[in-house]
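Contents: one structure, followed by commentary.
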Amino acid sequence: MTDYWVLIFFNLLFTSAPPVIYGVLEKDVSAETLMQLPELYQSGQKSEAYLPLTFWITLLDAFYQSLVCFFVPYFTYQGSDIDIFTFGNPLNTAALFIILLHLVIESKSLTWIHLLVIVGSILSYFFFALAFGAMCVTCNPPSNPYWIMQEHMLDPVFYLVCILTICVALLPRFTYRVLQGSLFPSPILRAKHFDRLTPEERTEALKKWRRTGKMKEVTSKYADQSAAISGRRPTSDPPVTFSMKSATSCAVEQGNISICETAVDRGYTETEASEMTGLSKH
């Protein structure tokens, strides 16, 4: 359904530059944000972007896109008298747009270079298809791509098939990215928001980020120690519920006496109690 010259240039010319530009220019957050939040590098150290689940989801998504790319034009032209290359032309066109728009959905830092390369790929495809269709009269007899793109660009069904195929193919990927950014954003996605803030808002947001990180660290630390101490207490000891406040409540209390007493009652050292006191003041 695809002429071999179109197939060769599809990978060699039309879709080769955008992935290269994406790989070279893509960045999650700015260098300034990374310098101030070095903990963001943990996602790379832990290979969070290259999990087996991510691989299989990507593979299934690609398989789904290929099915949509074939069967939407197939059912549209089923029962008609079009030839094989006329059927393949909307399939190739939709596949090109799906590849390019998929990159746009995945990109976190679109620049004018990205847009220039994407527009160049689209224009080069249509230029080649129009020129090839005008000159190739008997390239692959009995079917040939002569004047196919010219006729399709005057046919509303061609545009409808391409738009429908593109939307249906990219809908799961687009929905997943929207839900991920809205409901369960990763630390990198949350940090990317800092790049859009003014310097004053950025400074305040970084302070809140660090306070939240310290609070979680202290909460986890003292919760683990509390569990360890509770596990070593004899069963005959009186209940200690009244003196064991949560680490979170202790950290946000403003009274130093209650914080120190709670820390001592739970068997913490004086240094640890002072840490809790210092956090409450901040």
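Yeah, the Cβs are placed from backbone N, Cα and C, and that goes for glycine too.
Listed features, source TrEMBL:
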{"type": "DOMAIN", "residues": "2-186", "note": "domain 'P-type ATPase C-terminal'"}
{"type": "TRANSMEM", "residues": "6-25", "note": "transmembrane segment"}
{"type": "TRANSMEM", "residues": "53-75", "note": "transmembrane segment"}
{"type": "TRANSMEM", "residues": "87-105", "note": "transmembrane segment"}
{"type": "TRANSMEM", "residues": "112-137", "note": "transmembrane segment"}
{"type": "TRANSMEM", "residues": "157-176", "note": "transmembrane segment"}
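The transmembrane segment (112-137) shares the most Cβ pairs under 8 Å with 6-25, out of the stretches 6-25, 53-75, 87-105, 157-176. Looking at the domain 'P-type ATPase C-terminal' (2-186) alone, the prediction's average pLDDT is 88.
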